[in-house]
Amino acid sequence: MMIAGSVCAVLHGSAQPLMLLVFGLLTDTFIEYDIELNELNDDRKECVNNTIQWKQNYTAVLQQGRPCGLLDIEYEMTNFAFYYVGIGVAVFVLGYLQISLWVTAAAKQIQIIRRMYFSKVMRMEIGWFDCNSIGELNTRMSDDINKINDAIADQVSIFIQRFTTFVCGFCVGFVKGWKLTLVIVAASPLIGVGTALMALFVSKLTGMELQAYAAAGAVADEVLSSIRTVAAFGGEKKEVERYDRNLISAQRWGIRKGLIMGFFTGYIWFIIFLCYALAFWYGSTLVVDTAEYTPGTLLQVFFGVLIAAMNLGQASPCLEAFAAGRGAATIIFETIDREPEIDCLSEAGYKLDRVKGDIEFHNVTFHYPARPEVKILDQLSVAVKSGETTAFVGPSGAGKSTAVQLFQRFYDPKEGMVTLDGHDIRGLNIQWLRSLIGIVEQEPVLFATTIAENIRYGRPGVNMDDIIKAAKEANAYNFIMDLPQKFDTLVGEGGGQMSGGQKQRIAIARALVRNPRILLLDMATSALDNESEAIVQEALDKVRMGRTTISIAHRLSTIKNADVIVGFEHGRAVERGKHAELLERKGVYFTLVTLQSQGDKALNEKAREMADNEEEPEKLNLSRAGSYRASLRASIRQRTRSQLSNLVPDSSVPVAGELGPRAYSSATPEEEEEETIEPAPVARILKYNSPEWPYMIFGSFGAAVNGGVNPVYSLLFSQILATFSIIDPVVQRKEIDSICLFFVMVGVISFCTQLLQGYAFSKSGELLTRRLRRLGFQAMLGQEIGWFDDHRNSPGALTTRLATDASQVQGATGSQIGMIVNSLTNIGVAIIISFYFSWKLTLVILCFLPFLALSGGFQAKMLTGFAKQDKQAMEAAGQISGEALSNIRTIAGLGKEKNFVEMYEAQLDAPFHAAIKKANVYGACYGFSQCIIFLANSASYRFGGYLVRQEGLHFSMVFRVISAIVTSGTALGRASSYTPDYAKAKISAARFFQLLDRMPKINVYSNEGDKWSDFRGNIEFIDCKFTYPTRPDIQVLNGLNVSVKPGQTLAFVGSSGCGKSTSVQLLERFYDPDHGRVVIDGHDSSRVNVPFLRSKIGIVSQEPILFDCSIAENIKYGDNSRDVSMNDVISAAKKAQLHDFVMSLPEKYDTNVGSQGSQLSRGQKQRIAIARAIIRDPKILLLDEATSALDTESEKVEFPLILSFQRHPGIHRLQIRSTIWLLDILQTVQDALDKAREGRTCIVIAHRLSTIQNSDIIAVMSRGFVIEKGTHDQLMALKGAYYKLVTSGAPIS
């Protein structure tokens, strides 16, 4: 196919030069005829015996007898017309064949490449995935393979065709007239140099512009991802200014780019017109003075070289596609050629007849391929007896999960071996080995299909009864039957529709349906709250019987009843035995137990208490409550990512590391929504550009002049032909010289106007882009916080929208207007010229104009390629590959690689058939667009011949009209090819205006609302009910009633997700309550002016967000309403116990904190945040878990210290000292907070009771309302929930 396609392309490429030969003969015929007419117009001559003779009474001597009367112009033209039609038909057939053959061949190859690539990736060992990011693999699957497609499809045949035309064109030139060819070629390097320089400058400037925008984008991203901090400190206006400052430099580069492009385009046109002048002047001397050429030869040579040069230029984009394709292919083929170290689909390895289930690790040493410097397992030796439950315990990072993964053969150990019943597992068949193992992970992965299908993944071909049995064993049957669609319920992408406990139980059912010999439980219940945990734990205890089980857990309550407990530390098994034995040894296990049992006691009692305390209507069914708490637990886990921006995670977002496939699923609803947007009216877009109207007027003027140049060229061109039929040599010479001069003039004008057009439009366009970006950013910052919770408005999506939409809108104005004006004047002038010179011929040609325009538009479209449709066809396959790659461990554990490869291949058929269909349509369109010009020429020259003969039209008019309209037709096509850009611009603009027109529910920029001078800070929550807008089904606050007097401290206590942080957010007016009121100094908060209210509140949150600037600037951020002096900064820093630390840094207060404060420790960040809150001098201080960030850190450090202290008494001094030092940090921050609280109304949310004992009011919250409140002593006397919490000394949530 490819060879046939190439042959067609070569033949097609030679068609244009072939046409030139015909064209030359045709011109000569016309000129002969015209000279004959001119001779006979002389009264003194007559035609006798087919030669021109003087009449009798003039006896002057005849130089030579010119033949006459032999030339039947109409007959000749009919012949030429047939030639043209013949070439046209051939071109159509060849064009169709060359394209469709190549595209079809490419589609087949691409399908094969995709298959091979995906199946090879699915066979790779897990270590390979650790080193290659999932996102990168997904892009390779889509974009890189598309690049290969672009390189081997139509581009090859078009390249061959153009290259052939280039060669043939030069051949025609050199064969017919080498002198003129050389003269023209001599001038062409100037054009080459111009284009090369232009490309160089433009790419450089684009780079600079992108860098500047990247800086602005970074600002936008930083601000949007910490929008809550910005809102709390009222920094919106400041941020808009900061963003705008970064846009200015980008704007400068953009304008320079426009100027340079205008300059070089002008320069190139100038050189082209000079070339015309030179060629015609030198060519005419060859025709007239030395008679070496006929005029036809002159045209053949000139156009031959011209066409050759143009085609060479058009062939170059193909080379880019080839280069991109080759680059992409290297990576793809490298992967296809790589042999996996552990091939999961190989048939090799033997299968044991009987499996007892004894597992043993012999001196195993191992490190992950992605982190070879960290030793995870160090000479590990452990035996797991068959039928027993062995528990692995130890601090995180001790190698427990790694050991389990080695047994699954996700990795092979570097030294030592793992055996099953005495056989090294490397010798066993992988698929068979994995089929023996059932695994339940901490974060179970479900696939986006029904519950039944998910369970069926455990074992192929299992019937419904087995599924139900497994579900019952896993305690999942009841909740499944409560769902409306029972087992056919879809679990959503990544299992997002299910709560943690439900997912966990489905995963257990999936493990059980395999009827595994060996069960691996990797922290199977850690993600659950107590209720669900009890249920799942019960299920696990049921199924462990009679199977070899390895259980990894952090919660020791879950492992007490294991047969053997193995304590891990630093990659070794340091102790083993039963629960009681290990407690006596006082080793790893003992420390873990003592640290945890206190916490567990508290939690369990609290759970019991909550169950008792609940009034009747509050009784939710268990699974609902379970899922509610699981989602809260999830939300807390996510909260660490960025303190507030994620306080309200989308309940459907799977937590921790499963974000891969979501990228697909969330993309789909967005696109559906975008479709509904009405394109914006152009008038409104232009209104935003109105300040630049002088630029636009000048630009349009330049564009109009540029448009007129093409038709003027056809005027000059036909004028030259006319000169060849002038008989008087002196007049002829003079005419030719003046026309050449005229060419030079046109060149100069063209240069100036191109420069003007380029500069003026880039200036107006860049100013518009900047204005829109600024307005857009301002509008985004003005939205209420609830708007940012919507996943469609994530910081990433918003920054992209700022970047792309604004620059696409520029497409509707700016240079685009230039193009349109240019094309319109071009067509207008051409049609006026044509009608003026011969209206009949013009009408005939106009019939072809729509087709010419179509073909021009089609060719422009072709250069941009057809990638978009392909992308949509690949969507389904992309979803499968995305899901497969993100969950590769689960798939490997279940041994389901083959299924996914088959599913993927099934999805490839649709895009393949689409591509084949496309090949035919595309080929036909291409053939048509190429042949139409031949047909147009054949008709018009034939009719022209008739007019010259019958109506005495001068032949140069025929050329004038035809060339004017044909050039303008292609211009029309070019203009029509801009319409997609234009439509895109209108939709982008509409999206933008939608954002600008959206009225936020809580308006930051408005001056309305109450303000009062004696703000005291008296706060009451009256019966507040609230649900987050993105999760309307989960009631977060459920009738909250609590009040604080000015100067008092209120402490909220309660488990995660009971609504503590939410109440703080209502006070800040990030949200308004759905029901009930928040009253401040007697004013309803929803009527208070937002900036005024927020200016009275200072907030220090759990994960303080700092901006990427100096320490001083971060502290100044606390008060954006005034210019904060350095003295204020220092005094605030002193109050926050920060000053001494800052002075110890080399750059003191000018030290940059890094992005999100990454250069500082948590304690330092926390103190900067406190200083920032103090500098506002707020009346109300909100401390949201302000020291919790520290206790986790110090706990982390203290725990290993105790251990190492027991083992090496020698180094205890140092260890103890560092523990004390950490507690010091805690103390400093705590002191700083206590100082900050003096004389202010204060709301504290804390996890450590020591921090809140001296509060005026302590409110214990549960499920969104207060269950008890009072001072520390009152609550202790009550002996209720608070008392239990305190006496157990647990961390509260």
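Cβ coordinates come from backbone N, Cα and C, glycine included.
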Among ranges 693-716, 909-932, 981-1004, whichever one TrEMBL labels transmembrane segment: 693-716
Contact ranking winner - 81-107, 181-202, 259-281, 293-312, 693-716 against the transmembrane segment (736-761), Cβ under 8 Å: 259-281
Stretch contact, the transmembrane segment (181-202) with the transmembrane segment (81-107), Cβ-Cβ under 8 Å, 3+ pairs: no
Beyond the flanks of the transmembrane segment (293-312) by 6 or more, those residues with Cβ under 8 Å of it: 13, 16-17, 20-21, 23-28, 31, 162-163, 165-173, 176-177, 180-181, 184-185, 188, 191, 279-280, 283-284, 286-287, 721, 724
Beyond the flanks of the transmembrane segment (81-107) by at least 6 residues, Cβ under 8 Å: 1-2, 4-6, 8-9, 11-12, 15, 18-19, 22, 149, 152-154, 156-157, 160-161, 912, 915-916, 918-920, 922-924, 926-932, 934-935, 937-939, 941-942
Averaged pLDDT score, the domain 'ABC transporter' (1019-1288): 73
